[in-house]
Amino acid sequence: MDDSQDSKNGVGVKLTPSILQESSTSVLNTLKPVTSNERDKDIYPNKRPKYTTSTSRSSVNRLMYGSQINHDVYSFKERDLAEKFLLKSDLTSKISTIKTKLQEEDLQSYQLSQECISLKKQVASVRSQISELGDCEEMSLKSLKNKFEIQTRELRIKHEHKLNQLKEDMSNQAKKIIQDNNAGYLEEKDKLVMVNETLAKSAQQQMSEFRNKLIKLKEDHSKNLSNRTAQLEKKIESVKSKILELDTELETSLNVETAERQQALNGIEKETSRLKAILEQLQAKFKVKEAEIELLQNTLVSKRESIAALGKSYEDKTQQIEHYEQETALINVRLATHESDRRALHNTLQELKGNIRVFCRVRPALTQEKVSSLDIPDDEINDDSAQELILSRDGEASNSNSYSTYNSNKNSYKFQFDHIFSPTSTNEDIFEEISQLIQSSLDGYNVCVFAYGQTGSGKTFTMSNPGNGMIPMSLDKIFEDIDDLQAKGWKYEVEGQVVEIYNENIVDLLSPRDSTVKYDIKHDDDEGKTYITNITTVSISSKNQAESILDRATKNRSTASTRANDRSSRSHSIFTIRLNGENLKTGAKSQGTLNLVDLAGSERLSSSQATGDRLKETQAINKSLSCLGDVIYSLSQRQQSSQLVANQHVPYRNSKLTYLLKHSLGGNSKTLMFVNISPLLKNFNETLNSLRFATKVNRTKLSSSKPNSQ
Ligand SMILES: Nc1ncnc2c1ncn2[C@@H]1O[C@H](COP(=O)(O)OP(=O)(O)OP(=O)(O)O)[C@@H](O)[C@H]1O
């Protein structure tokens, strides 16, 4: 190196050995400024000769201590300068060492940046790999990449910041060390070394962590990728199999459809050929029909002509029908007139027969007992004038039909009645005689049919014998006549009630017995009607219904009895049928009542030898029967005494029976009494008594009656 050249630059002062050796005049003269090149050589040791420091030191030593001879020569200042020079050179060497270290740090930093660059390259390669993985992963990878870049940037910034800070600290420290002292510098140097090591370690650690993370990410990603790929493959497989299935199905359905279409086509072809054949047939038929139509049209013309002729005759016939209808209407009017005439005639006939009639019926002997002598007219002759009965005690002992024997003597009793029925007469024979009275009740009259007689004389047999008693046969007749009258415009409502009078008390036989119910008899004298309060009245629409009502009444009568056989003998039973008719053609109305009465046994108190309750019963029966006789007698008296006694008192109220039958005994009523007698000799007195009572009734003739009509 050329020192003269350096001194010319005048940048710094450097004390070279040659100067020290050669110059003895002034140390200061030997001091030369250090040029920038020389300083650079110091800063970069590899460019600097190694001997410089040792040479200088030895030169200084020599200057200070080696040359004792020149000791006096050098002044104190020069020594001081030399010492400073030595210190300075020492410091300079230390700075150069630090610089070296700094250079090393720079180198390390450079290496780190190199690593960063290589990492970036790796990242770029990873990115390229990631981009290959597919669009679906791009976003996550981008985010990862961004994260990674941010982390890298942060790390770099952090590192650079730390590095700058470190540099700054170091330069500060260096300055401080320069300014302060060597000791602090060493300490700081150690710290820096440690910090540097820590930084290097942390950088290394972070890098390894980052690498691990990257590896893990790669692994996770490859795992996800493989999973997804596997799933996708599975899906693709299933889709492929489905496509295959669909293909098969499509093929099958196509085959089926094709077959069906072919079949349908065949069918259509067949149908077409069949239809063609039919068409041909139809065309042939059409031709035939056309001919027929032509024929028919010709016929139609002739038919129209005949219809016109028929229309004319129809008009004629209509006129005839109208004429007939007018005639029919006239006939109907005449019929209605005839019907009212018939009713009037019928009533006249009944009146001629008598409004009170008494029929005597002798029952047959049922045992081998002695009978009375009875002279009875022959049923076959049926001569009204000869309806006489002779009763005699002096009969032969007989068990049968010796009634026709006439035995006239002092002990014989002669009776006359409207009709006398022998023991051989049947219920049907008897009904023939009373059936006209049923017609009267339908015509609007009050009719009362009694059966009077001692116990066992045949009252119930006559009135109620199932099938042919007067009551069942009357019901038959009523509904038959209603049907017949319907043709004449009559419509009827039939109502019925059945009561029993026992010990002067009314019992409703159509409802369960209830002692708390009170039955009172009420009269409407203007209308000629009688009512019983609380009594059961049933509407009867058929014969069967009427029979079931009778059954009900019979059952109630027997259950009410403690001695069933006795009860019927000791009470009066009254079956009342109300017949309300209306003629829908003429507007005529009628209200008739039919009372069918089975009276209690009429035996006298003396012959009955009854006591206690029986005595009471018998008294009640006798009283009511006696009242019946009195009422009939009063009515006959009133009629016979003409207008003077028209208002004569009739003792209806004396018994429940007569009070109940008030409007069926007087006024427009028609009464028929059966006197039932026993042929037995032992019943002679009772028979005689019954016949006397009947005779009293038979003598009664009521006034001319009018129907209950509007
Ligand atoms: N004409 C007749 N032909 C045959 N048997 C008869 C005739 N009349 C009555 N009888 C019989 O005589 C018996 C008594 O008759 P029924 O009971 O009718 O008498 P009654 O007068 O009603 O007696 P009671 O007052 O006790 O009711 C019965 O067995 C009945 O069958």
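The chain as shown is numbered from 1 upward.
Even glycines carry a Cβ here, placed using N, Cα and C.
Where the annotation comes from TrEMBL, it is an automatic prediction and has not been curated.
Per TrEMBL, the feature region 'Disordered' maps to 36-56.
Feature annotation from TrEMBL assigns coiled coil to 200-355.
Per TrEMBL, the feature domain 'Kinesin motor' maps to 355-700.
Counting only residues at least six positions away in the same chain, the Cβ atoms of ARG361, ARG363, ASN676, SER678 sit under 8 Å from the Cβ of GLY458 (ATP binding site). What TrEMBL records for GLY453, GLN454, THR455, GLY456, SER457, GLY458, LYS459, THR460 is ATP binding site.
Ligand 1 lies under 6 Å from the Cβ of THR455, SER457, GLY458, LYS459, out of the binding-site residues GLN454, THR455, SER457, GLY458, LYS459. Mean pLDDT, taken over the domain 'Kinesin motor' (355-700), works out to 82 on the 0 to 100 scale. Each of the binding-site residues GLN454, THR455, THR460 was scored by the number of other CB atoms within 10 Å of its CB, and the largest score is that of GLN454. In this structure, GLY456 is the one among the binding-site residues GLY453, GLY456 with the smallest number of other Cβ atoms inside 10 Å of its Cβ. Same-chain residues at least 6 positions away in sequence with a Cβ under 8 Å from that of SER457 (ATP binding site) are, in sequence order, ARG363, GLY601, ASN676, ILE677, SER678, ASN683, THR687, SER690.
The Cβ neighbour count for LYS459 (ATP binding site), using a 10 Å radius over every protein chain in view, is 28.
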